[in-house]
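A.B. asks: Annotation source Swiss-Prot lists signal peptide at 1-21. What Swiss-Prot records for N98, N318, N455, N616 is N-linked glycosylation site. Under the heading disulfide bond, Swiss-Prot lists C130-C152, C179-C201, C241-C252, C246-C262, C264-C273, C282-C331, C317-C344, C416-C444, C491-C507, C632-C651, C663-C699. Taken from Swiss-Prot, the feature domain 'CUB' applies to 130-238, supported by sequence analysis. Among the features that Swiss-Prot reports, domain 'EGF-like' is placed at 237-274. Swiss-Prot lists 280-346 with the feature domain 'Sushi 1'. Among the features that Swiss-Prot reports, domain 'Sushi 2' is placed at 393-446, with the record citing sequence analysis. The annotation domain 'Peptidase S1' is assigned in Swiss-Prot to 447-722 on the grounds of sequence analysis.
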Amino acid sequence: MALLVWSSLVVASLHLLGTAAYPSRSKYTVINENCPGAEWNIMCRDCCEYDQVECACPDGNQKVGYTIPCCRNEENECDSCLIHPGCSIFENCKSCNNGSWGGTLDDFYIKGSYCSECRMGWYGGDCMRCGEVIQAARGEIMLESYPFNARCEWSIQVAPGYTVELRFGMLSLEFDYMCQYDYLEVRDGDNVDAKILKRFCGNQRPLSLRSTGNSLHLLFQSDGSKNFDGFYVTFEEVTGCSSTPCFHDGTCIADKTGSYRCACLAGYTGRHCENVIEEKSCKDPGAPMNGYRKLPDGAGLSLANHIKVGFKIHYFCNNSYVLSGNQERACLQGAQWSGKQPVCIKACKEPKVADLVRQKVLPSLVQSRETPLHQLYSASFTKEKTDILPTKKPALPPGELPPGYQHLHTQLQYDCVSPFYRRTGSSRRTCLKTGKWSGRAPSCIPICGKLENFNITQLGEQRWPWQAALYRRSNGVKDASLRKGSWVLVCSGALLNERTVVMAAHCVTDLGKSSIIKVSDMKVVLGKFYRDDDREEKSQQHLHISAVIVNPNYDPILLDSDIAVIKLLDKARVSDYVQPVCLTLATEMITSPQEYTIVISGWKILSDPRAPGSKNETIRAGAIEPVDSLQCEQQYEENGISVSVTESMFCAKQEPRPSPSICPSETGGITTVLLPSPTSPEGSWHLIGLVSWGYDKSCRKDLYTGYTKVVTFKEWLEKNMK
């Protein structure tokens with residue numbers, strides 16, 4: 001007890017430890033063997049006295065001790081040279097070092113190595129030091145017991161963007177309502193000047209607390225009386241979302257400042273999604289007449305026919321009906337539906353329109369139909385009682401149709417955009433109750449055989465818009481005036497439609513063979529009038545060939561079935577100078593040739609460009625008259641030539657008037673006839689023949705020429721024209 005009193009008296013003089021000094025004699029300038037050690041020499045006077053203090057180590061009450069050297073003071077009294085707190089230095093030791101009892105080298109106090117192991121939270125040789133700066137994501141701080149007048153500071157720092165959460169595992173400090181004796185103080189920052197979050201004392205474990213930044217400062221302070229077990233805390237770096245602050249399955253979203261916000265599910269609100277929104281719904285508007293509606297999964301159609309806010313209804317119509325209005329409606333927050341309720345209207349989808357067809361929607365008109373029943377009522381009853389109207393078009397239902405649809409009974413009118421085309425199919429079509437259109441789909445095809453201002457006496461000046469010129473490359477042609485690879489006019493044919501030309505088969509095959517010449521070595525020219533190839537004509541169209549189809553019965557020896565179809569790679573542009581010729585039906589074949597005008601036309605194949613007037617030479621034409629096949633065979637036999645005129649051929653001779661400018665053996669060409677037409681008062685021209693064979697040199701008008709009878713191949717031609 002006396003030892004503890006002494007200790008409390010001398011604590012106030014601890015500052016003398018490093019500054020107290022006394023005059024000493026010269027004999028003490030070296031080690032004085034009478035003192036505990038060399039460290040005491042400068043503090044000793046004439047004589048050195050010492051006494052031994054006995055203490056107990058807290059671990060097992062092990063006896064420990066140390067020596068306090070003393071000196072005589074001015075009054076010759078024994079006075080402590082070094083003031084020491086006594087046994088309190090051992091209180092924080094977990095295990096103690098033991099000195100030499102009474103020995104001269106007992107130097108615990110000078111060396112400061114009283115303890116070999118410290119209690120938790122303490123360190124140093126005397127286990128009196130505590131506190132540190134901690135930079136870690138998580139950890140713990142424990143202070144196991146504590147002495148009087150202790151002061152410890154800890155600074156906890158975690159990564160930027162995080163906050164520090166502090167949790168208490170144990171608290172045992174002297175209790176005071178104001179916590180002004182023994183306490184643990186927590187500040188929101190990294191130093192003692194930061195804002196105080198809380199001061200703790202007593203033994204009731206506090207709730208956890210959290211910093212606003214990435215650091216906390218802890219200060220422990222004890223006074224000079226009473227000591228307890230200390231405290232134990234853990235810390236961890238956290239984000240605002242670590243504590244799962246969002247209720248009702250809300251999603252926590254952290255930001256860089258350590259704060260957070262909650263993304264709430266539908267039906268919840270508040271900072272933590274803690275408020276439940278009163279669920280609203282919309283009354284089911286039902287499906288439109290002649291239609292139906294679809295609800296998405298989870299729309300929540302209740303027994304009371306209500307649909308949850310946020311869901312949409314999609315509307316559809318039955319066949320032959322079209323939706324007018326909103327295709328979908330959404331249930332809004334105010335329990336109201338977006339848009340207006342749609343209706344299903346009888347309508348027809350506009351039919352597809354072919355090329356060159358012009359479609360026009362006719363204005364709404366009353367359509368009248370009188371049935372036999374109308375006549376019966378009109379005849380049987382008086383006018384006053386039977387004012388019966390004919391059937392008529394009903395009023396249009398309300399609502400607009402989407403683009404591409406027309407109301408019931410709407411009429412569409414069709415015509416062609418070009419005067420060179422004629423319409424096939426219906427001129428008008430009506431929208432029916434079935435949702436389909438009446439009539440047949442219209443299309444526009446080129447007008448065939450149209451030739452205006454024809455004059456039989458002026459054949460040399462006439463243009464034949466269906467005349468097609470076939471050119472071949474000059475490879476292998478023995479003509480010095482032609483360079484290799486240049487184009488040579490070889491035959492004439494006729495344009496049947498925008499992609500088809502008919503030609504004699506011997507023009508597109510190797511001489512005396514059925515093998516077809518490469519299409520890359522041939523081309524077709526339309527709109528041609530002058531023979532000279534160097535004479536530029538704006539009306540000309542030079543077209544590549546995609547395929548050549550020779551009649552399968554073609555005989556290159558007898559020239560039987562001498563006919564072929566040329567398919568054009570690109571469409572021919574129909575104009576005043578380029579038009580197709582008509583094909584003749586078998587029933588339209590000429591029975592009385594003298595009653596009709598039959599013309600052969602073509603260009604002279606072999607032409608001398610040096611001859612006078614060659615630049616102005618045009619297509620040649622002349623009238624012909626068919627003759628009997630036997631008569632034709634007999635004439636050739638009389639001229640020493642044996643020929644056979646088959647059913648696919650016919651023979652003809654030139655008429656003397658008007659004077660012809662053509663020689664079939666030099667030009668080849670096509671034969672056309674002018675027949676009456678129900679659509680044109682001028683008639684229309686029909687293809688009846690292709691020049692096939694004849695005399696090789698003589699051009700006498702009485703000599704016969706063999707032609708391919710085109711009407712025989714009408715079905716084959718139409719099949720390959722598609």
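We count from 1, first residue shown onward.
Keep in mind that glycine also has a Cβ here, set from the backbone N, Cα and C atoms.
Mind running through what each feature is packed against?
C.D. replies: Reduced to three states, the DSSP call for C130 (disulfide bond) is coil.
Counting only residues at least six positions away in the same chain, the Cβ atoms of R199, F200, C201, G202 sit under 8 Å from the Cβ of C179 (disulfide bond).
Taking the domain 'EGF-like' (237-274) as a whole, pLDDT averages 81 in the prediction.
Following the DSSP three-state reduction, the secondary structure of C241 (disulfide bond) is coil.
Long-range Cβ proximity for C262 (disulfide bond), meaning a same-chain Cβ under 8 A and a gap of 6 or more residues, is found for P245, C246, G250, T251, C252, I253, G270, R271, H272, C273.
Contacts of C331 (disulfide bond) defined by a Cβ separation under 8 A and a same-chain sequence distance of 6+ are given as S281, C282, I307, K308, V309, G310, F311, K312, W337, in order along the sequence.
Residues within less than 8 Å, Cβ to Cβ, of C317 (disulfide bond) and separated from it by at least 6 positions along the same chain comprise P288, N290, G291, L323, C344. C317 (disulfide bond) falls within a strand when secondary structure is assigned with DSSP.
Its Cβ taken as reference, C444 (disulfide bond) is surrounded by 22 other Cβ atoms within 10 Å in the chains shown.
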A.B. asks: Restricting the comparison to the recorded positions C130, C241, C416, N455, C699, which residue's C-alpha is spatially nearest the C-alpha of C651 (disulfide bond)?
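C.D. replies: The answer is C699.
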A.B. asks: Please report the Cα separation of C152 (disulfide bond) and C416 (disulfide bond) in Å, rounded to an integer.
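C.D. replies: Taking the Cα atoms only, C152 (disulfide bond) lies 104 Å from C416 (disulfide bond).
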A.B. asks: Can you tell me how far the Cα of C130 (disulfide bond) sits from the Cα of C632 (disulfide bond), in Å?
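C.D. replies: If we compare the Cα positions of C130 (disulfide bond) and C632 (disulfide bond), the gap is 138 Å.
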A.B. asks: How big is the gap, in Å, between the Cα of C264 (disulfide bond) and that of C241 (disulfide bond), rounded to a whole number?
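C.D. replies: Between the Cα atoms of C264 (disulfide bond) and C241 (disulfide bond), the distance comes to 14 Å.
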A.B. asks: Tell me the Cα distance separating C632 (disulfide bond) from C699 (disulfide bond), rounded to the nearest angstrom.
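C.D. replies: Cα-Cα distance, C699 (disulfide bond) to C632 (disulfide bond): 16 Å.
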A.B. asks: Among C416, N616, C663, these being the recorded positions, pick the one whose CA is nearest to that of C632 (disulfide bond).
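C.D. replies: In terms of Cα distance, C632 (disulfide bond) lies closest to C663.
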A.B. asks: Among N318, C507, C663, these being the recorded positions, pick the one whose CA is nearest to that of N455 (N-linked glycosylation site).
C.D. replies: C663
A.B. asks: Taking just the CA atoms, what is the gap between C491 (disulfide bond) and N616 (N-linked glycosylation site) in Å?
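C.D. replies: Cα-Cα distance, C491 (disulfide bond) to N616 (N-linked glycosylation site): 19 Å.
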A.B. asks: Which ones in the same chain are close to C241 (disulfide bond), with CB under 8 Å and 6+ residues apart in sequence?
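C.D. replies: Listed in sequence order, they are C252, I253, A254, Y260.
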